[in-house]
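Asks: Below: one structure in structure tokens.
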Amino acid sequence: MNVSLILIILLVGAFATFLAGDKLASKVAFFFGLAAAGCSIVLLNHYNLGENISFINQWITQPNISFALKADGLSMAMLLLTTVLTPIIIFSSFGNDYKNSKSFYALILFMSFAMAGTFLASDGLLYYIFWELSLIPIYFIALIWGNGDAEERKKAVVKFFIYTLAGSLFMLVAFVYMYQKAGSFLLEDLYKLNLTATEQLWIFLAFFLAYAIKIPLIPFHTWQANVYQKAPTVGTMLLSGIMLKMGLYSVIRWQLPLAPLAAKEYMYIFIGLGIAGVIYGSIVALKQKDLKKLLAYSSLAHVGLIAAGTYTLTLDGLRGAVLQMIAHGFVVVGLFYVAEIIFRRYETRAIAEMGGIRSQTPKFTSMFLILVLASVALPSTFNFVGEFTVLYSLSQINIWFAILGGTTIILGAYYMLKMFQHAMLGETNTKIFADVTFNEGATLVIIIAVLFFFGMYPKPIIDLITPSLQEILTQINRIN
Amino acid sequence: MDTNLALVLLFAPFLGFLINVFFGKTLGKSLSEIIGTLSVAVSFAVTIYFFLQINQTKQAINIDLFDWIQISNFKVSFGFLLDQLSILWLLFVTGIGSLIHLYSISYMHDDEKMHTFFAYLNLFVFFMITLVIGSNLLVMFIGWEGVGLCSYLLIGFWYKNQEYNDAAKKAFIMNRIGDLGLLIGIFILGHLFSTLDYATLKTAIAGATDLNMYWLSAAAFALFIGACGKSAQIPLYTWLPDAMAGPTPVSALIHAATMVTAGIFMITRLNFLFDLTPDVQSIIAVVGAVTALVAATIGLVQNDIKKVLAYSTVSQLGLMFLALGLGAYEVAVFHVITHAFFKACLFLGSGSVIHALHGEQDMRKMGGLKKAMPITFITMLIASLAISGVPLFSGFFSKDEILLVAFHHNIPLWVVASVASIMTAFYMFRLMFLTFFQEFRGTEEQKHHLHESPSLITFPLIVLAILATIGGLISLPGHSWLNEYLTPILPKLASAEHHLGTTEYMLMAIAVVGGLVGIGLAYAKYIKQNTVPTEDSEITGFSKVLYNKYYVDEIYDAIFVKPINVLSLFFRDTIETALSSLVFGLGKVTNEISFQGKKIQNGSIGLYLLVFVLGLCAIVSYLFLAQ
Amino acid sequence: MNNILNQIGIENYIFLSVILFCIGVFGVLYRRNAIIVFMSIEIMLNAVNLLFVAFSTYHQDAQGQVFVFFSMAVAAAEVAVGLAILVSIFRNLGSITIDNLKNLKG
Amino acid sequence: MSTVLILFCVLSAITLSTAFLTIFSKNPIHSAIYLVICFFSIAGHYLLLNAQFLAIVHIIVYSGAIMILFLFTIMLMNLNEQREVYRPRITRLGAIVSFCLICLVLITIFINSKPIVGEYTSTGEDYQSIKVLGKILLNEYMVPFEFASILLLVAMIGTVLLSKKEKLEK
């Protein structure tokens with residue numbers, strides 16, 4: 001039993017969903033999503049028992065490419081995030097009717113497949129293929145099933161597609177360069193390369209462009225808000241919940257260990273960039289009129305902090321970043337789902353058109369508030385654990401980084417509470433707001449339960465990721 | 001046994017919260033009230049048990065539940081520490097908490113969201129207990145932020161009014177500014193000592209040979225900023241008066257007796273750290289004294305009964321910080337306790353008045369309530385005498401000790417604090433005279449409905465008034481039970497340095513006379529001359545500045561809020577567009593290049609052939625001639 | 001039997017066919033009349049054929065000549081088809097100046 | 001100077017000059033006539049090299065078939081007068097430059113490659129009589145030979161189809 005099973009389940013699931021027809025598609029997709037989640041939990045168990053669940057097979061001999069799926073703690077954590085969020089996301093869409101839903105759900109599973117592959121691949125080219133593969137489904141999902149004016153949407157989505165694709169091409173160049181030196185794309189072989197500082201700098205920058213666009217870090221974020229707004233909520237969830245983490249994960253897995261000298265040399269610049277993103281994203285979020293756009297900018301702020309954490313090159317920074325990634329994945333999915341729930345009833349995403357919802361549906365309001373608070377990292381939620389660790393690592397580098405990064409605590413509370421106030425509180429809205437359905441409630445409750453559980457007891461995840469992060473750190477600190 | 005009891009202590013209110021949240025509606029009003037009150041009462045009972053135990057054994061109880069957060073150089077466990085300090089705090093948190101729950105049963109009876117109110121109150125008590133009994137700074141931080149959250153929820157309890165929501169938001173954000181400071185302090189302590197646990201921290205600091213004073217001071221200062229946020233000190237005090245938007249029991253519990261003392265608790269808890277940083281201590285002392293004075297001056301002219309009490313709270317908290325800054329932690333703790341009694345009593349009394357007047361809070365429309373509400377009047381009078389420092393009431397002892405300590409350390413601070421307490425006496429009796437004496441100035445209909453509050457409201461008032469009277473007994477000059485009790489926490493007692501001598505008696509006399517002068521002035525102005533404060537529009541001169549709270553809110557708005565909003569608009573409209581057009585511009589440039597390049601491919605075969613031949617030349621010469 | 005190249009020299013043939021080929025190239029580039037362009041192409045073909053035959057003699061091998069034979073067949077087919085295309089172009093456009101044939105434009 | 005060399009020079013001169021004239025004639029008919037002469041001279045080269053079969057085939061195919069085709073086409077289009085549009089100077093310049101360039105390049109290559117020029121061996125074997133060529137063509141090159149016939153057939157059909165007047169358009 002090894003991790004390729006999950007990829008197979010997801011891929012087969014995608015095909016089965018497509019063949020199942022429009023009526024059954026959502027259920028079939030949900031079933032396969034659950035199967036993948038279950039399977040990954042079983043695999044996690046195997047992994048924790050010390051079994052080898054990696055999968056390596058020669059794929060193409062000339063050039064030397066292997067189908068290498070390596071599962072260490074970090075990959076398993078990200079894989080779990082993907083496979084657990086996928087059924088949640090699918091489940092959250094049950095209230096909606098999509099045209100041609102068989103393709104829609106098949107694309108979701110396919111995207112999940114590609115993202116899981118990205119998290120697992122330990123061969124450069126295989127990783128690159130998965131990385132790019134994940135872009136295709138989201139392109140179609142956002143383009144076909146998105147909302148708003150079709151022309152505008154096309155513009156935003158095509159921009160996103162070309163932007164990210166162009167960034168990743170530099171990564172491919174870096175891989176090809178390293179292949180010429182190493183004769184293999186395998187991560188272990190690439191680690192063994194003795195690259196000079198200049199070479200490392202170029203490789204680092206090439207990777208950085210790909211990741212900075214994907215994460216996104218300022219000033220490469222311009223695709224984000226528009227695509228988040230235009231994409232259907234399921235697409236936004238996939239994008240913000242999982243796909244962003246692909247970039248952050250890749251920073252840890254590929255960029256830092258492959259070009260440690262450059263990373264150390266220019267650490268401050270990149271931390272600064274991340275923190276600038278925190279402040280910038282928070283301030284821009286303040287005056288957003290569209291709920292989804294606001295969440296997009298809040299996401300920008302949060303990933304800025306995570307990225308800053310990764311570039312500290314300390315165990316705390318990496319660990320905090322991974323914790324925060326997972327936490328943010330859940331929170332942001334929850335928040336976008338909340339936006340969707342409101343949209344289902346009011347047909348609007350403009351915050352100004354909401355308000356006065358609380359008196360109609362206290363249950364929903366409480367869940368929304370909890371998600372808002374989790375997003376601003378209230379202690380006892382998972383996000384606090386991540387944010388605290390990241391900020392601590394920043395303060396290890398320089399206390400001012402922690403202070404500036406810590407402004408997210410203040411500004412985050414400001415824009416989130418302001419949004420909450422105008423969206424939910426105030427005089428009872430004249431429009432009727434139907435109470436949440438069972439599906440909606442169950443989705444939110446699951447997310448909230450995860451957030452609180454790991455907020456109080458993050459030890460399992462910490463124990464899972466720490467050894468592999470330490471391994472990566474030894475790679476980063478190796479002497480060439 | 002202890003572990004289980006501690007868990008009961010902690011989770012009883014939480015259980016109450018859960019029951020009220022999930023089943024509040026089904027249970028009905030009276031049941032949810034009973035559960036809400038009982039859950040806190042259970043905590044109180046357990047606290048008394050612990051109190052008795054620790055009074056005998058003098059042994060702190062340490063409970064570690066599980067590892068929570070892991071940092072590279074240390075682990076933070078989820079644990080509790082029950083020692084003299086935390087149990088003392090628990091006593092009045094749960095004790096006054098129970099009384100206020102009891103009070104709320106009647107006070108909030110007509111509110112449709114009764115169960116939500118009790119749920120929030122229970123949640124608050126839960127977080128407050130967490131704050132107090134956490135064994136390390138991070139567990140305390142859970143409670144710290146949690147009480148902030150509850151304060152947010154309760155200030156904005158009547159959420160249909162956006163002004164209340166603004167006040168709630170403001171409170172939360174201002175608290176968060178302080179929280180950032182607290183976090184920074186925690187980070188620095190983590191770096192320096194690799195632990196956040198109080199006990200280990202204490203031994204680490206005591207055992208350290210070469211302390212980095214710079215970082216230590218930075219940590220202490222950052223922690224102090226955190227305390228400023230929570231305890232409403234300059235410059236982060238403006239949220240507290242606004243927080244009066246919440247229901248009155250909330251103001252009594254959270255914004256007078258318990259939550260706002262969290263900063264004092266934290267500093268007292270870390271006294272071993274602050275003792276080492278005299279610079280920060282003097283900052284604390286000065287900030288405290290200035291806050292006391294500024295808030296007192298604002299309190300002089302406020303007409304909203306709750307606003308007066310709010311500024312009075314800020315002022316009293318300032319006095320406590322003054323004591324903290326002078327190293328007299330036990331004096332600050334003493335004042336916290338007496339203040340909790342009389343201020344809770346005052347708030348609840350004002351609530352009783354507001355209740356009787358159907359929500360009227362403006363003192364200009366009150367007056368003459370003495371006869372209609374005798375119990376409320378007497379209890380509030382006792383509390384006012386206590387806060388004014390009239391001898392034999394509890395406030396006299398605690399305030400006097402602060403003034404004594406101030407006098408011994410720094411005369412200017414003593415002058416400032418004395419002036420502040422004279423003002424306190426003045427505005428408290430201004431409040432009393434305007435509310436309870438003279439003729440009723442409200443509408444006829446209100447007058448008709450004037451009545452004494454029900455017993456559920458008066459009972460807590462009476463209990464608190466008794467406590468406000470006799471509370472001073474726990475720390476009498478010369479023989480202080482409190483100081484002895486706190487010895488394990490506070491080995492150095494600042495107040496023990498001086499003995500009662502002529503100077504001390506003189507100071508006491510000055511304070512008493514000052515207080516009486518304040519009361520006398522108020523009597524002269526509001527009874528003899530029968531003045532009623534003028535309408536808002538007619539206030540002029542310096543009192544207008546005071547009435548508008550020195551325009552601090554407006555200044556903050558202009559310095560922080562407006563610029564951020566303008567910046568946000570600028571970012572949203574200009575920078576975002578610029579960045580976006582930069583990316584689109586890149587696309588456009590590519591497009592343009594391709595458009596120009598397209599012109600080369602104009603379909604002219606002649607040109608194609610020419611290029612073809614030239615290309616052929618190039619390739620052939622490269623292949624054959626380039627060796 | 002004596003090799004005729006002993007008297008002429010292969011290099012002369014190479015020069016000749018190079019120049020002939022270049023004349024063909026020149027014609028293609030210089031003229032705008034599609035028929036003349038065609039003729040120039042024929043000249044180029046013949047230049048190559050000539051070189052083939054010369055080297056066939058040089059190597060005393062028949063394969064070069066066989067190749068010329070095939071290339072002639074191809075040339076014949078090419079001319080036939082090419083001229084047919086020209087005729088139909090002429091019918092449609094009324095001219096065979098290659099400047100007018102700009103449909104290759106993207 | 002042997003007679004053979006003189007003959008070669010004369011033939012070469014005819015070949016090159018007629019090739020030039022083909023290109024420079026204003027009248028396409030003249031071009032065609034010059035081209036015929038050029039082809040004949042090339043056939044002469046073939047004969048000089050003792051490739052009788054090819055010489056004959058060359059005359060038949062090129063001078064006979066292809067040139068007649070050209071002439072027919074020219075006449076069909078009524079191109080006997082100068083109809084060529086104005087050629088911009090840049091085009092002519094470009095043509096001349098590239099002509100010089102390609103000449104230069106090819107000749108330089110040839111000189112650079114330092115061919116072994118000297119005694120040419122002669123095996124004395126017959127390799128290019130019609131008899132031998134016929135055997136080679138129909139033994140070794142049987143399949144290409146047949147393909148050539150198919151090619152010609154296809155070309156024929158294509159030509160017919162292409163030159164048929166399309167009535168549907170109008």
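From the backbone N, Cα and C atoms, a Cβ is placed for every residue, glycine too.
Dumping what TrEMBL says about this protein:
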- B:6-23: transmembrane segment (TRANSMEM)
- B:35-52: transmembrane segment (TRANSMEM)
- B:68-118: domain 'NADH-Ubiquinone oxidoreductase (complex I) chain 5 N-terminal' (DOMAIN)
- B:87-105: transmembrane segment (TRANSMEM)
- B:117-135: transmembrane segment (TRANSMEM)
- B:135-424: domain 'NADH:quinone oxidoreductase/Mrp antiporter transmembrane' (DOMAIN)
- B:141-159: transmembrane segment (TRANSMEM)
- B:180-201: transmembrane segment (TRANSMEM)
- B:213-240: transmembrane segment (TRANSMEM)
- B:280-301: transmembrane segment (TRANSMEM)
- B:308-326: transmembrane segment (TRANSMEM)
- B:332-354: transmembrane segment (TRANSMEM)
- B:505-524: transmembrane segment (TRANSMEM)
- B:605-625: transmembrane segment (TRANSMEM)
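In the displayed structure, how are the listed features positioned relative to their neighbours?
Replies: Long-range contacts of the transmembrane segment (B:6-23) within the same chain, counting only residues at least 6 positions beyond its ends with a Cβ under 8 Å from a Cβ of the stretch, are 32, 35-36, 38-40, 42-43, 46-47, 50, 61, 63, 80, 82, 90, 115-116, 118-120, 122-123, 125-126, 129-130, 133.
Beyond the transmembrane segment (B:35-52), the same-chain residues lying 6 or more positions past its ends with a Cβ under 8 Å from any Cβ of the stretch are 5-6, 8-10, 12-13, 15-17, 19-20, 27, 61, 82, 87-88, 90-91, 94-95, 97-98, 101-102, 105, 115, 118-119, 121-122, 125, 129.
Shown for the domain 'NADH-Ubiquinone oxidoreductase (complex I) chain 5 N-terminal' (B:68-118): DSSP residue counts in helix, strand and coil, namely 29 helix, 13 strand, 9 coil.
Same-chain neighbours of the transmembrane segment (B:117-135): 6, 9-11, 13-14, 16-17, 20-21, 24, 32-33, 35-37, 39-40, 43, 62-64, 77, 79-82, 86, 89-90, 93-94, 97, 100-101, 104, 108, 111, 141-144, 146-147, 149-151, 153-154, 157, 197-199, 247, 249-250, 253-254, 258-259, 262, 265, counting only residues six or more beyond its ends whose CB sits under 8 Å from a CB of the stretch.
Same-chain residues lying 6+ beyond the ends of the transmembrane segment (B:141-159) with a Cβ under 8 Å from its Cβ atoms: 113, 116-117, 120-121, 123-124, 126-132, 134, 165, 167-169, 171-172, 175-176, 179, 182-183, 186, 226, 230, 242-243, 245-247, 250, 254-255, 258-259, 262, 266.
Within its own chain, the transmembrane segment (B:180-201) is flanked in space by residues 62, 71, 73-74, 76-77, 79, 81, 135-138, 141, 144, 208, 211-212, 215-216, 218-229, 266, 269-270, 272-273, which lie at least six positions past its ends and keep a Cβ under 8 Å from the stretch.
Long-range neighbours of the transmembrane segment (B:332-354) within the same chain, counting only residues 6 or more positions beyond its ends whose Cβ lies under 8 Å from a Cβ of the stretch, are 85, 88, 92, 96, 99-100, 103, 107, 248-249, 251-253, 256-258, 261, 264-265, 268, 305-306, 309, 312-313, 316, 319-321, 323-324, 360-361, 366, 369, 373, 376, 379-380, 382-384, 386-387, 393-395, 397-399, 401-402, 435, 453, 457-458, 460-461, 464-465, 467-468, 471-472, 474-475, 482, 486.
Long-range Cβ contacts of the transmembrane segment (B:505-524) within its own chain (Cβ-Cβ under 8 Å, at least 6 residues beyond either end) map to 388-391, 396, 399-400, 403-404, 407, 418, 421-430, 432-433.
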Asks: Do any residues of this chain, six or more beyond the ends of the transmembrane segment (B:308-326), have a C-beta under 8 angstroms from a C-beta of it, and if so which?
Replies: 227, 231-234, 237, 240-241, 243-244, 251, 255-256, 260-261, 263-264, 267-268, 274, 281-296, 298-299, 302, 332, 335-336, 339, 343, 346-347, 350, 363, 387, 399, 401-402, 405-406, 409-410, 413, 417, 420-421, 423-424, 427-428, 430-431, 494
Asks: Same-chain Cβ contacts of the transmembrane segment (B:87-105) under 8 Å, 6 or more residues past its ends?
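Replies: 9, 33, 36-37, 40-41, 43-44, 47-48, 50-51, 54, 117-118, 121, 125, 128-129, 132-133, 247, 249, 252-253, 257-258, 261, 265, 333, 337, 340-341, 344, 348, 351, 456-457, 459-461, 463-464, 485-486.
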